[in-house]
């Protein structure tokens, strides 16, 4: 029995882009229901590994599964996440990863390969992160250089002021001599 405020289970769950260590799972969500994310239960059939992937604030209807074992059987189930909870799990989908030797030839081009697009996006993200890090480091270096420059200007001004004070007549800065030869005492 499904709770009336929970979204319905995903339908048409399929596994595509099978490789030795990755696969793509995709699904559909019935129209008109407020879905804010998904949850995927990935389990090896031999029971050695289970993974739970949960994504919210997304409209994605596909997920690339990484780090899969070569030539292994898996079971996938997908749940929709709504504002008031999660749906029942979808029907179980079984799939088997390829052997490493079953890879596609390197000269073949897969224009619509989701896993390759995902790799390109990761590379762009890493490049973008590096650019941001370098920009921040350059700005910090500029701030430190400006601080050192200002510090040198202040230090130079202080040393110039001290030199001017040293050139003044010494009588202004010395204590007057007392005829008694000691400290003045009040009566």
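Every residue gets a Cβ built from N, Cα and C, even glycine.
Bear in mind that TrEMBL entries carry predicted annotations, made automatically and left uncurated.
Features of the protein shown, as given by TrEMBL:
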{"type": "COMPBIAS", "residues": "158-176", "note": "compositional bias 'Basic and acidic residues'"}
{"type": "DOMAIN", "residues": "7-100", "note": "domain 'Fibronectin type-III'"}
{"type": "REGION", "residues": "158-187", "note": "region 'Disordered'"}
{"type": "TRANSMEM", "residues": "130-148", "note": "transmembrane segment"}
Please give the sequence-distant neighbours of the transmembrane segment (130-148): residues at least 6 beyond its ends with Cβ less than 8 Å from one of its Cβ atoms.
none
Mean pLDDT for the domain 'Fibronectin type-III' (7-100), as a whole number?
91
